[in-house]
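Shown next, in structure tokens, is the structure this report addresses.
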Amino acid sequence: MSGSTFGLLFCVTNFGESHGPAIGCVIDGCPPGMALGEADIQPDLDRRRPGTSRHVTQRNEPDQVEILSGVYEGRTTGTPICLLIRNTDQRSKDYGNILDTFRPGHADYTYWRKYGLRDPRGGGRSSARMTAPMVAAGAVAKKWLREQHGITFTGWMSALGELPIPFEDESQIPLNPFYAPNAAVVPQLEAYMDALRKSGDSVGARIEVRARGVPAGLGEPLYDKLDADIAYAMMGINAVKGVEIGAGFASVAQRGTQHGDELTPAGFASNNAGGVLGGISTGQDLVVSIAIKPTSSIRSPKASIDRAGAPTVVETLGRHDPCVGIRATPIAEAMLALVVMDHALRQRAQCGDVQLPIPPLAAQAPRTETAPATPPLDAGDDIEA
């Protein structure tokens, strides 16, 4: 009831606060027998962790994961898996000036109105730090999905503020702090962020994420649709203000002759649907895009009120990301993995014995003309990054 648990069969309960002793999660429903150790989880946490470049918060947390339960002799037991990440670099004194005031754009006011009190240290429970346990849980889901179904997840930044990032090469994504699939634009992004940081301002971003190898049939009718759960998961990420699946809002300007993904014996002709029809996966890539708002914690003074309702001016101290989108790629991948994992287990439970006389369609029919090896969107998609 408290909004800290995600999933039905692969169930993740998130706990902790930004400046508490530790954060973590409990995973219930992971199948037994999978080889699992901290080394399987740590790489994704390292991709998300703060202090890795001058363009993100300088809070320097090692984010070393500890497996406290649910694993015996290197294999999952089928019992709850508790993952712990200790906080080591809190600076709570930085928040002394906002004990009685509300930071515009933050959850300070809404938490206070709901609970009658709030933890001002780093945002407490509303901090983006609470995404670290979800990344850890997502790494567990990714491993099972990769081993059982061959499903993989890839995310990248497609826009930083008003700067579009044209897709060029997926191999470039892990080689720069922006997760940009285009090495040529990285110097421009670096200069943009340097100027932004000096001005004391912040900016938003757009992140794309895909799941490849998802079998057809995942998802439920009506209220447990796969795409509905994806949108729910993505909106649970801090600072996300919009979600698109497939062509998304570009569908408004498309005609039916453009948008409908034709089926051929050789496979689907396009993927405007983003891999989901009627709430159920088609066997194509799941194509998701999220919009992330500018960071609310900025050095520039902003008008607000205090707890008595009197006007005041807030200047935010502390260490903050000038663009939270820079570290959002592994978070979006993790949340998508958690949704797919949950639905894979649900499909196995209810429809695992369903057999059909013909094999599933190919995710994409063979191309008839020269095209990039890894386009930003599948043939037929009319949305722009």
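Backbone N, Cα and C atoms are what each Cβ position is placed from, and that goes for glycine too.
Computed from a predicted structure; not experimentally measured.
The following features are taken from Swiss-Prot:
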type	residues	note
BINDING	Arg48, Arg54	NADP(+) binding site
BINDING	Arg125, Ser126, Ser127, Asn238, Ala239, Gly278, Lys293, Pro294, Thr295, Ser296, Ser297, Arg319	FMN binding site
COMPBIAS	363-372	compositional bias 'Low complexity'
REGION	43-63	region 'Disordered'
REGION	363-385	region 'Disordered'
Exercise for the section: Please classify the secondary structure at Ala239 (FMN binding site) using three-state DSSP. Expected result: coil
Handout entry: Conformational class of Ser127 (FMN binding site) under the three-state DSSP mapping
Key = coil
Problem - Distance [Cα-Cα, Å, rounded] between Ser127 (FMN binding site) and Arg48 (NADP(+) binding site) - result: 14
Handout entry: Number of other Cβ atoms within 10 Å of the Cβ of Ser297 (FMN binding site) across all protein chains
Key = 22
Completion exercise
If you measure between the CA atoms of Arg125 (FMN binding site) and Arg48 (NADP(+) binding site) and round to the nearest Å, you get 18
Fill in the blank from the handout: Reduced DSSP state (H/G/I helix, E/B strand, rest coil) at Lys293 (FMN binding site) is coil
